[in-house]
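Features as listed in Swiss-Prot:
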- Cys51, Cys55, Cys58: [4Fe-4S] cluster binding site (BINDING)
- Cys95, Cys126, Cys186, Arg264: [2Fe-2S] cluster binding site (BINDING)
- 36-260: domain 'Radical SAM core' (DOMAIN)
Amino acid sequence: MRTDWTREEIAALFDLPFDELMWEAQGVHRRHHARGEIQLCTLLSIKTGGCVEDCGYCSQSAHADTGLKATKLMDVRAVLQAAAQAKDAGSKRFCMGAAWRNPKDRDMPAIVEMIEGVRAMGMETCMTLGMLSKEQAQVLGMAGLDYYNHNIDTSPEHYGNVITTRSFQDRLDTLEEVRAAGINVCSGGIVGMGETRADRVGFIHTLATLPEHPGSVPINALVPVKGTVLGDMLADTPLAKIDDIEFVRTVAVARITMPKSMVRLSAGRESMSEATQALCFMAGANSIFTGDKLLTTANAGDNADAALFAKLGLRPMESEEPMRMEAAE
């Protein structure tokens, strides 16, 4: 797979006539993935709110005024019960997210128990816990964690307009620690945060030129939450939501430049029309989050997803054992 894409090449893809871009993306998708199969994932907040980071989009930031009450890390048994319910509902991957800048070492034993317990159910595991040290990444790798999510969020150029408490390089460093520990990388970002198309080019370029393409690439549409910096700033402006065609273009370019990655249609789907979601699937999105909630924001819901799948002739992807990366010596 190519990891030497240039920004000029990616910009040219964005500029293609829409039908040509969709044709190219669907062709790439069919060469590397089963047609009509969508991976179902569930995301659980195992520790909500109180995060010291100032991410402008996030209702869980301590800098936001959303009325969200911070919680402690969930009990392991409660997490495993939620995982069992997700499995019964058809999910193949269980993602666990904690609103931390980085995990404390004292929390790692419980995190390991969660990973081992979910894997014992036959589900893929994913964690998003913030930045990781080398030692913490190794602990997660030894526990058998399949994927670690750490989004780059946006382009390097736009990043400082969204977050100031963690650098773009900090994010890349964590991804490197994850790869070195033999864990598959899950990394994507958010569109509709006031960025330009050039920023969306830079966002895709960063992911597509990593040493290895992420195993999963979640693409989120900003959900403006009142009380967050971006929610208040963009709620009453045209920048609050990029148009649907531009969002689909972003999905298509991600598919073309990262052919084997799972491209996940993530936050913001609840407000998308069925037609827009259908175009995203045609453009190469082949993974979604199920359930009524994503961390603290609304999601489409299982009933709506089942109805949409029936209309489009889509089917849930059967679980496959993820390929384990080799840990660096």
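Just so it is clear, glycine is given a Cβ too, placed from its N, Cα and C backbone atoms.
Features per Swiss-Prot, on structure.
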| residue | record | contacts (Cβ under 8 Å, 6+ apart) |
| --- | --- | --- |
| Cys95 | [2Fe-2S] cluster binding site | Cys41, Thr42, Leu43, Leu44, Thr125, Cys126, Met127, Thr128, Tyr147, Asn149, Phe289 |
| Cys186 | [2Fe-2S] cluster binding site | Cys126, Thr128, Tyr147, Tyr148, Asn149, His150, Pro214, Gly215, Ser216, Val217, Pro218 |
| Arg264 | [2Fe-2S] cluster binding site | Gln39, Cys41, Gly188, Ser216, Val217, Pro218, Ile219, Ala285, Ser287, Ile288, Phe289 |
Let me check the 10 A CB neighbour count of Cys51 ([4Fe-4S] cluster binding site). How many other CB atoms are there?
22
Please classify the secondary structure at Cys51 ([4Fe-4S] cluster binding site) using three-state DSSP.
strand
Which of Cys55, Cys58, Cys126 has the fewest nearby Cβ atoms, counting only those within 10 Å, among these binding-site residues?
Cys55
Translate the DSSP assignment of Cys58 ([4Fe-4S] cluster binding site) into the three-state scheme.
coil
